[in-house]
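According to Swiss-Prot, the protein carries these features:
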type     : residues : note
SIGNAL   : 1-19     : signal peptide
ACT_SITE : 227      : active site, acyl-ester intermediate
CARBOHYD : 285      : N-linked glycosylation site
REGION   : 401-504  : region 'Disordered'
ACT_SITE : 520      : active site, charge relay system
CARBOHYD : 536      : N-linked glycosylation site
ACT_SITE : 633      : active site, charge relay system
CARBOHYD : 650      : N-linked glycosylation site
CARBOHYD : 725      : N-linked glycosylation site
């Protein structure tokens with residue numbers, strides 16, 4: 001009888017994740033023990049019907065990045081603190097520029113920090129239901145702000161309503177922004193760049209380690225973010241450093257392959273030097289340069305950021321993630337479209353049977369071997385004709401028909417067989433990849449993979465690292481390839497080049513939900529584009545429209561700008577000021593958000609990933625911006641976080657129900673990978689490469705659309721790259737052709753020498 005009694009007692013006893021998982025040393029003050037120490041939160045109301053949530057605010061997840069730690073990746077807290085730390089107030093915001101364009105206007109000031117700013121800002125917030133007996137999903141929010149601003153303390157990011165409504169654990173973390181988060185001297189240990197992304201990654205690791213302590217399931221972590229936060233989510237999807245830390249991802253109005261979201265390593269150095277000049281720290285010896293910058297007050301460093309970017313641009317930011325060969329292994333478009341060693345994958349820019357984006361129509365890709373990004377065992381000859389495709393020859397940016405990973409651009413728009421292009425400095429990219437650069441759509445010059453800047457070839461050219469291969473991977477002739485050394489960040493290859501880690505495979509492992517709002521561009525136009533303003537109808541003259549195109553597509557060539565004008569003009573009514581305004585809305589939104597995002601969706605789905613897409617097209621009744629701006633960038637967030645559930649916010653009844661429905665979609669997706677369930681009405685279908693279906697999210701019952709901006713996005717992803725490839729300066733093309741041919745010959749010669757040395761040591765039976 002005693003064993004049965006003990007068994008019943010065990011079954012009925014509360015578990016650590018039951019309604020009594022929190023300890024209470026005082027009323028309404030729940031306590032949780034984490035891996036870094038114990039914290040004491042508070043119970044707070046969470047909407048109508050007496051709902052409550054437990055909030056733990058301002059939990060540190062890293063050593064404060066002060067003094068010599070400025071510009072460095074974050075350090076985890078080395079030992080747990082003693083005693084119980086109060087987690088009942090919002091943390092400091094990270095240092096950032098404050099928007100003063102419209103003083104006193106809440107529509108813009110709602111995005112400014114509402115807490116004191118400090119470099120001691122690496123804290124996170126956790127909201128969870130008071131007594132949920134299950135292990136709910138964990139939703140981890142990454143805020144947007146162009147990598148220049150943002151804070152977890154903003155009212156619009158209050159996670160209590162979402163946590164209570166969806167019985168979820170909701171987390172948000174601060175990360176460093178601006179130059180303090182993204183100043184980049186790639187390869188320098190004291191300022192490698194992307195430390196803001198490393199902040200996010202360390203917070204994500206902390207969440208995974210402590211999810212159970214808050215009642216969450218560490219195997220059901222979903223990353224979600226908006227704008228730069230969505231781009232950050234995408235970087236984690238593609239980075240090998242974040243693999244395994246989360247299960248699902250939501251990208252709201254942003255993606256890592258947007259033309260504003262990354263720069264190259266050389267451009268990162270140029271911007272760092274420009275900042276140094278502005279604050280009195282001349283660029284030279286990089287260690288001394290960084291020492292000078294660390295000696296400046298944070299506010300002075302931020303003020304210097306204003307001179308880094310030209311003022312005549314829209315949707316561009318001074319300090320953003322850099323392709324460092326480590327966290328951001330390669331440019332996002334290459335990481336998405338390249339295969340990076342997965343056998344049988346499609347080629348980097350050739351998609352079997354699909355339209356895709358990035359200037360490829362029905363390409364075959366790479367057959368077997370190493371797959372896309374860096375060339376392979378052989379490229380099937382076919383009739384692909386994309387901006388990077390070549391008919392019967394070089395099929396993609398980094399591939400060759402025979403050989404091993406020759407670096408170059410492939411061919412021109414007409415499929416001519418050409419040798420790879422020469423080394424290009426990653427100078428400021430123009431909007432479509434004009435000479436010396438690349439953009440998110442891969443126009444004219446694709447960004448090169450990370451390379452050690454100290455490894456010259458025989459002609460003095462800096463060589464890229466060779467791609468990964470295993471010992472069983474045959475080369476073009478069937479010979480097994482010599483094994484590569486261990487791939488860590490310090491292991492040289494045969495030529496002394498340091499090898500970047502291989503990126504997380506793009507697609508097939510993480511379910512993705514993504515989408516945009518109806519008018520993505522209007523919010524940015526009021527910040528300096530002539531003719532636009534929040535207090536007028538922004539009726540745009542033809543002259544203002546033409547000037548706005550140059551600002552909306554920064555650094556575009558004359559021909560590219562003319563193509564944009566041609567495509568977005570209603571030539572039956574070219575001087576109509578309303579149509580000119582709406583066209584600029586569309587140009588900025590399509591170029592920066594919608595088309596990159598849908599290209600991301602297309603590729604993720606083509607690689608086997610499960611994707612759901614949406615268009616949010618409800619204009620909030622509380623929106624303070626003028627009606628001509630429509631449903632602007634960022635104004636779905638309040639519905640995702642459940643702010644309409646708070647009666648004091650004065651939303652309509654229909655908006656309360658819309659918010660409940662959207663929270664249910666997000667919660668369902670976090671739990672199961674499918675937004676459907678418990679909502680009623682039509683089902684939200686998955687996005688597929690052929691159907692391209694997406695859901696309209698508004699106050700009406702769900703409806704389904706097909707091909708979100710598909711036709712217009714073909715202009716950005718197909719036509720313009722071909723146009724730029726076909727019209728480069730002939731004298732430059734000839735010079736580049738000759739130079740790169742010699743580099744290519746030298747590279748292949750050294751590869752053959754290494755292979756012959758290996759084959760003498762270990763004869764290859766398959767030769």
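In case you wondered, yes, glycine gets a Cβ from its N, Cα and C as well.
Residue 285 (N-linked glycosylation site): 10 other CB atoms within 10 A of its CB, across all protein chains. The recorded positions listed here (285, 536, 633, 725) include 633 as those with a Cα within 10 A of the Cα of residue 227 (active site, acyl-ester intermediate). For the pair formed by residue 285 (N-linked glycosylation site) and residue 650 (N-linked glycosylation site), distance between Cα atoms is given as 57 Å, rounded to the nearest Å.
The shortest Cα-Cα distance from residue 633 (active site, charge relay system) to any of the recorded positions (520, 536, 650) is found for 520. Closest to residue 725 (N-linked glycosylation site) by Cα-Cα distance, out of the recorded positions 520, 536, 650, is 520. Of all the glycosylation sites listed here (650, 725), it is 650 whose C-beta has the fewest other C-beta atoms within 10 angstroms. Of the listed recorded positions, namely 520, 536, the sparsest CB environment within 10 A is found at 536. Taking the Cβ of residue 633 (active site, charge relay system) as centre and 10 Å as the limit, one finds 25 other Cβ atoms among all the protein chains shown. Between the CA atoms of residue 650 (N-linked glycosylation site) and residue 520 (active site, charge relay system) there is a gap of 25 Å, rounded to the nearest whole number. In this structure the alpha carbons, written CA, of residue 536 (N-linked glycosylation site) and residue 520 (active site, charge relay system) are 19 Å apart.
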